[in-house]
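The structure appears right after this line, and notes come after that.
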Amino acid sequence: MSADAAAGEPLPRLCCLEKGPNGYGFHLHGEKGKVGQFIRLVEPGSPAEKSGLLAGDRLVEVNGENVEKETHQQVVSRIRAALNAVRLLVVDPETDEQLKKLGVPIREELLRAQEKSEHTEPPAAADTKKAGDQNEAEKSHLERCELRPRLCTMKKGPNGYGFNLHSDKSKPGQFIRAVDPDSPAEASGLRAQDRIVEVNGVCMEGKQHGDVVSAIKAGGDEAKLLVVDKETDEFFKKCRVTPSQEHLDGPLPEPFSNGEIQKENSREALVEPASESPRPALARSASSDTSEELNAQDSPKRHDSTEPSSTSSSSDPILDFNISLAVAKERAHQKRSSKRAPQMDWSKKNELFSNL
């Protein structure tokens, strides 16, 4: 039972489960004389146990959908349809009985309503802010409940693993193009459009298609693929973190806010020195963002009026950063010319050849 229920406010519990190598780790069954589906057994150390699911709990909702009047098979189908993560709203027998006596329908909204009432209570301002921070953290946790990488472990069958790998020209990485029905890949939870992060514990970030295929083949008849779906991939990119096996059940990173990203970029811009040599400047502008490219297009108009001088001691780094190709070649030519040895006087040449 939750702390609130013990304090006299009976509430259901929301359990977020991530499927492990052996499934979720709980058994569902119906009881004679009772309506609904119940948790019969929770395996030790399983995702179900970690989520707080208890034997004897009655299942009320699956991913926000009420299942109280559904058959055993219908509930099982809903859980399977969620693939590798599921959200279960449950009540223990005591809480269930209390809510029935009060005539309160059991819904996930009960938890949200309780959080709101705690947040709007009129104790001291510091306590209110603390409750608000906890509420925000819990909400953020629920939103990120399914945004984790997945470890898909599979053994090769008679027809292989049963998935196709491909690369997408529009984005880096290797992706799952298709998963064969009833294949080891499907049984492991692998899905089409998943991006491969690790193969058998080795990071595949930045690797070519052939490297990933070789890494899978090197595993023999078994492969462990750490993958992310599209939403999870975008979440980790916002956090500027590469997904790893630590994120399977460990703490998740926090996304960067726009202000933090802008601050980070501006700091990098101040720290990075501008090269005075033409080649590095041009190479850097080729990988710059759109605004720098627009500045580079305007730069010839600014430089046409003033001819570059080889005797100038130093030039503005910003102007060097945006110089045109023609100006860069001219400066390079002048720099080479300035390093040539001075011409020898003709009389000295004549004297030298006479001595020889």
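Along the chain as shown, the residues are counted starting at 1.
Placed from the backbone N, Cα and C atoms, the Cβ positions cover glycine too.
Quick look at what Swiss-Prot lists:
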- Ser2: N-acetylserine (MOD_RES)
- Ser2: phosphoserine (MOD_RES)
- 14-94: domain 'PDZ 1' (DOMAIN)
- Ser46: phosphoserine (MOD_RES)
- 113-142: region 'Disordered' (REGION)
- 151-231: domain 'PDZ 2' (DOMAIN)
- 265-356: region 'Disordered' (REGION)
- Ser266: phosphoserine (MOD_RES)
- 272-288: compositional bias 'Low complexity' (COMPBIAS)
- Ser277: phosphoserine (MOD_RES)
- Ser287: phosphoserine (MOD_RES)
- Ser288: phosphoserine (MOD_RES)
- Thr290: phosphothreonine (MOD_RES)
- Ser291: phosphoserine (MOD_RES)
- Ser299: phosphoserine (MOD_RES)
- 307-317: compositional bias 'Low complexity' (COMPBIAS)
- 346-356: compositional bias 'Basic and acidic residues' (COMPBIAS)
Which whole-number mean pLDDT does the model give the domain 'PDZ 1' (14-94)?
-> 91
Tell me which residues of the chain lie with their Cβ under 8 angstroms from that of Ser46 (phosphoserine), as long as they are six or more apart in sequence?
-> Gly20, Asn22, Gly23, Tyr24, Gly25, Phe26
Please classify the secondary structure at Ser46 (phosphoserine) using three-state DSSP.
-> coil
How do the residues of the domain 'PDZ 2' (151-231) split into helix, strand and coil according to DSSP?
-> 17 helix, 36 strand, 28 coil
